[in-house]
Ligand SMILES: Cc1cc2nc3c(=O)[nH]c(=O)nc-3n(C[C@H](O)[C@H](O)[C@H](O)COP(=O)(O)O)c2cc1C
Ligand SMILES: CCCCC(=O)C(=O)O
């Protein structure tokens with residue numbers, strides 16, 4: 001078994017099947033979930049030859065943060081459900097890999113502890129905070145302050161969840177609550193919920209005006225997560241957003257959304273390099289990352305692969321997953337004649353079965 005698949009297999013062996021299903025599953029018939037991965041399989045890379053790639057580098061700068069590779073850790077809920085080390089283990093391994101960890105509203109470890117853990121490994125470790133805007137603006141404001149005080153250097157606002165996706169596996173398994181002792185720790189001690197953990201609320205009432213209010217309230221760069229329509233990328237630019245993240249929530253929200261790599265070119269075209277375009281969904285190898293970078297992403301996020309590494313081996317497992325992806329990325333870039341991520345251009349991507 002090559003690559004990341006062995007981590008998923010190990011995770012499946014170790015996890016409670018109900019929890020495995022929560023991590024692995026998607027919305028509805030899991031069409032978008034499958035398509036995210038399959039879409040990469042429909043693409044091929046058209047390599048360039050005889051280009052000196054020695055002395056190359058995978059480093060990128062993301063919203064001012066130095067990053068050793070253009071692969072970051074996308075926000076996923078409830079890491080302590082995957083492994084007792086939880087978000088702390090993920091934070092240590094991600095810091096060691098020199099890349100960005102996006103922790104968030106649904107973490108089972110408080111954001112301050114996540115950042116502290118990462119900074120124990122590396123002083124300048126980068127942690128961003130994924131925010132679910134909450135209907136009570138005071139709650140949102142408190143979450144933002146919490147992330148700022150913890151030392152997060154960007155906010156990632158998830159905008160693809162006006163309602164919660166319908167997850168058939170969780171419904172069938174009756175999985176709707178965390179087991180005793182595990183909580184969304186960032187929701188603790190918030191206004192109006194003294195001494196208790198507030199539930200994370202989804203709301204269809206949010207508009208770009210709420211983004212404007214957030215913009216006015218924080219100096220942190222803002223990433224909008226869940227952009228698929230190019231017009232929304234244009235709106236993001238108009239509203240002073242600092243980056244867009246092309247995502248369909250790993251196929252967990254709108255089941256008939258396109259694969260993210262299929263949606264990427266139109267978004268990149270709309271943005272025209274004015275702000276970074278990030279992507280997540282279905283990245284399972286360094287080659288997948290290379291394809292997305294060539295099609296206009298500045299960096300790509302991984303969700304489930306990190307959860308599989310975490311479940312399989314805690315901090316060590318996450319480290320192995322990130323190192324495997326880095327190694328494949330370096331190797332694929334070299335074979336494509338690319339010395340740095342900037343050399344990955346759209347002409348290198350073609351449809352399988354139809355070379356130029
Ligand atoms: C178990 C699980 C939990 C997730 N929790 C969140 C979350 O709390 N907030 C969020 O914005 N996205 C969440 N996501 C979506 C991820 O950030 C990301 O978009 C997705 O996992 C990328 O696809 P991939 O798993 O194929 O890499 C979650 C995804 C999974 C699989
Ligand atoms: C309220 C928890 C949200 C987790 C999430 O975003 C997901 O499971 O996809």
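Placed from the backbone N, Cα and C atoms, the Cβ positions cover glycine too.
Where the annotation comes from TrEMBL, it is an automatic prediction and has not been curated.
Among 158, 345, 350, only 158 appears in TrEMBL as part of the FMN site alongside 75, 76, 77, 130, 225, 247, 280, 281, 282, 283, 284, 303, 304. Most other Cβ atoms within 10 A: among the binding-site residues 75, 281, 303, that distinction falls to 281. Under 6 Å, Cβ to nearest atom of ligand 2: this is the test, and of the binding-site residues 75, 247, 252, 281, 303 it is passed by 252. Close to ligand 1, meaning a Cβ under 6 Å from one of its atoms, are these of the recorded positions 75, 77, 167, 247, 249: 75, 77, 247, 249. Secondary structure at residue 247 (FMN binding site), as computed by DSSP, is coil. Fewest Cβ neighbours within 10 Å among the binding-site residues 77, 283: this applies to 77. With respect to their backbone Cα atoms, residue 77 (FMN binding site) and residue 252 (glyoxylate binding site) stand 12 Å from each other.
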